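Copied over from TrEMBL, here are the features:
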- 1-91: domain 'Cytochrome oxidase subunit II transmembrane region profile' (DOMAIN)
- 27-51: transmembrane segment (TRANSMEM)
- 63-87: transmembrane segment (TRANSMEM)
- 92-225: domain 'Cytochrome oxidase subunit II copper A binding' (DOMAIN)
Amino acid sequence: MCVSLLLMQQDSASPLMEQLIFFHHHALLILVMITVLVGYLMFMLFFNNYINRFLLHGQLIEMIWTILPAIILLFIALPSLRLLYLLDEINEPSVTLKSIGHQWYWSYEYSDFNNVEFDSYMIPTNELETDGFRLLDVDNRIILPMNSQIRILVTAADVIHSWTIPALGMKVDGTPGRLNQTNFFMNRPGLFYGQCSEICGANHSFMPIVIDSVPLNYFIKWISTNVNS
């Protein structure tokens, strides 16, 4: 089970996702150590003769099983707090993208550029091309530059949705009447897929998200074409 959790993870495409994976491995190592220790103690109980003249008087062991878990929790809590602050940090974004959740599609607006907005619907299975991914491909992909700080603003027009991209370590709830923001940084080109991970209705799993990470010059060319059109 532990080996599958370590080896079956999706490759990260951002520094934040790398940090999330490192923290996962760190917490998993502590969990394995606790499991081995408790398993060893339980196994040794089968060979115990249940005779102990200090059975009713054990301040030392009580101090150990009180202080040791507190120390272990510190080793989990401190990296977790550091990661929470990293996830909330916004550092001078180069591009701002606004994502609006609808039933059952996403709308996108490039706030830094005039008249660049579009809706993104899932491609039906009968219209899917041979190299497309069923239930994951969309008719209009998000084009964003790699190696650039991206800020995303997420909201919803009807019910609560969730904008989630596993490869980027992104999960932002879109709540009607509220604007949530976060940032991400893509360190390699490629297509990154996600879905609405909130239980917002029967068709929430049919709201896929596709980000096309491209070099900056391709992004500028795409933006220029769409602004002029």
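Quick reminder: no glycine exception, Cβ is built from N, Cα and C everywhere.
Bear in mind that TrEMBL entries carry predicted annotations, made automatically and left uncurated.
Counted with DSSP, the domain 'Cytochrome oxidase subunit II copper A binding' (92-225) comes out as 19 helix, 62 strand, 53 coil.
For the domain 'Cytochrome oxidase subunit II transmembrane region profile' (1-91), the number of residues in each DSSP class (helix H, G, I; strand E, B; coil) is 67 helix, 0 strand, 24 coil. Model confidence over the domain 'Cytochrome oxidase subunit II copper A binding' (92-225) stands at 89, taken as the mean pLDDT rounded to a whole number.
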